[in-house]
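**Q** The feature ATP binding site is assigned by TrEMBL to Asn79, Val80, Gly81, Lys82, Ser83, Thr84. The compositional bias 'Basic and acidic residues' annotation in TrEMBL covers 16-28. Here TrEMBL flags 54-66 as compositional bias 'Low complexity'. The feature domain 'OBG-type G' is assigned by TrEMBL to 70-322. Per TrEMBL, domain 'TGS' is recorded for 344-427. What TrEMBL lists as region 'Disordered' is 1-67.
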Amino acid sequence: MPNGPTDTPSPRPRRCVRDAAEGARPHAVDWWIGPHRTRARPRRTGPGPHGSGHRSTTPSSRTGSRNVSLTIGIVGLPNVGKSTLFNALTKNDVLAANYPFATIEPNVGVVGVPDPRLTKLAEIFSSQRVLPATVDFVDIAGIVRGASEGEGLGNKFLANIRESDAICQVIRAFKDENVVHVDGKVSPKDDIETINTELILADLQTIEKVLPRLQKESRIKKDIGPKVKAVEEAKEILEKGDTLFAHGIVQGTGRSELLHDLHLLTTKPFLYVFNVDEDELTDEDFKNEQRALVAPAEAIFLNAKLEADLAELEEDEALELLQSVGQEEPGLATLAHVGFRTLGLQTYLTAGPKESRAWTIKKGATAPEAAGVIHTDFQKGFIKAEVISFEDLVATGSVAEARAKGKARMEGKDYVMQDGDVVEFRFNV
């Protein structure tokens, strides 16, 4: 059987990705050479169709990947339940104490996004494991009134927030005399105003440092005029007490790129988690009042202690506890899904005997861009993608049946990925 360039001097090798779902490196694939589809022997470092051994990789461990990560910074006043919430998110025993600044250095946890589609894929493909999309949560030290001026822990927290894609404000709405409130009373409205004010003041400090220099440079460098105008407009918005994201200055206007290198905190989308008493979880009037405080941002309602208990239970026990308080899913699952939606993210799926996996991409990503999330070589040498919708795959029961019934599609470079696409990429490098 031909086994090198001396046997087949002209054809260009075509690679068909078999093990994308298992995280195989680009050379751990079948090579189909020329019109006769003669198989050459590739080098192997992973478990490919005919390989030996096992190599497990993740997007964060491969320098060639372009993984789209989601990092949410959890902020809030002291003693609102941030660390209890974080413990539930990551099942880590992070210090959670009833005194201010129990969290000083940020704690980081990686949390899987619940996706029942992966369980079904694992059944169809007899996958050994399931790898969901992930969200990085960062538990950041409590903010107090005057933090931007050095009160409490000062603005040490700001650098940690700047690295986040979204800001999740945990707001205390529960009543517990044994847990002191830093301001002496429980008032969600006041807490939201305190946090937003500190973030706005921090952004104003940043702008006031750079704007005079930019204005001076613009007299010589005319091309930075649009940036100066964008910064001046941002300053006006902040001085009115509005966050930049809520105002809409960074959405679809081109100003986002102009303001990017300033790393302004309030350009990030906000999520609001109300830590409530259990009986308030089903109180729609109460929840609507809180939603009105943060609209159009999304509000999530949960009880942090309940979430911590759920994290310690088996699935059937957790479901029973949820039903007892009138909930369909844990609040943390809702938080992860809302984070994805807020940042305009979605997932596509790959599956095989070794694993079923969800990959995170931005909505509107093309097939080559999605391939690049697995490895940059997949994007550079992209040929086509075989796509089956999750619903069609489940309905037909297998890839072979989906192909036989015309449910498998070959898509090219312009194809815009849809949430839940089950994909096999073919590429050539």
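Glycine is treated like the rest: Cβ placed from N, Cα and C.
I would like each feature placed in context: is it buried or exposed, what are its neighbours, and how far apart are things?
**A** Summarising the environment of Ser83 (ATP binding site), the number of other Cβ atoms within 10 Å of its Cβ, over all protein chains shown, is 25.
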**Q** For Asn79 (ATP binding site), name the DSSP secondary structure in the helix/strand/coil scheme.
**A** coil
**Q** Sort the residues of the domain 'TGS' (344-427) into helix, strand and coil with DSSP and give the three counts.
**A** 26 helix, 35 strand, 23 coil
**Q** Can you tell me whether DSSP puts Thr84 (ATP binding site) in helix, strand or coil?
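**A** It is helical.
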**Q** Hey, which of the binding-site residues Asn79, Val80 is the loneliest by Cβ count within 10 Å?
**A** Asn79
**Q** Identify, among the binding-site residues Gly81, Lys82, Thr84, the residue whose Cβ has the fewest other Cβ atoms within 10 Å in this structure.
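**A** Per-residue Cβ counts within 10 Å for the binding-site residues Gly81, Lys82, Thr84 bottom out at Thr84.
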**Q** Would you report the average pLDDT that the model assigns to the domain 'OBG-type G' (70-322)?
**A** 82
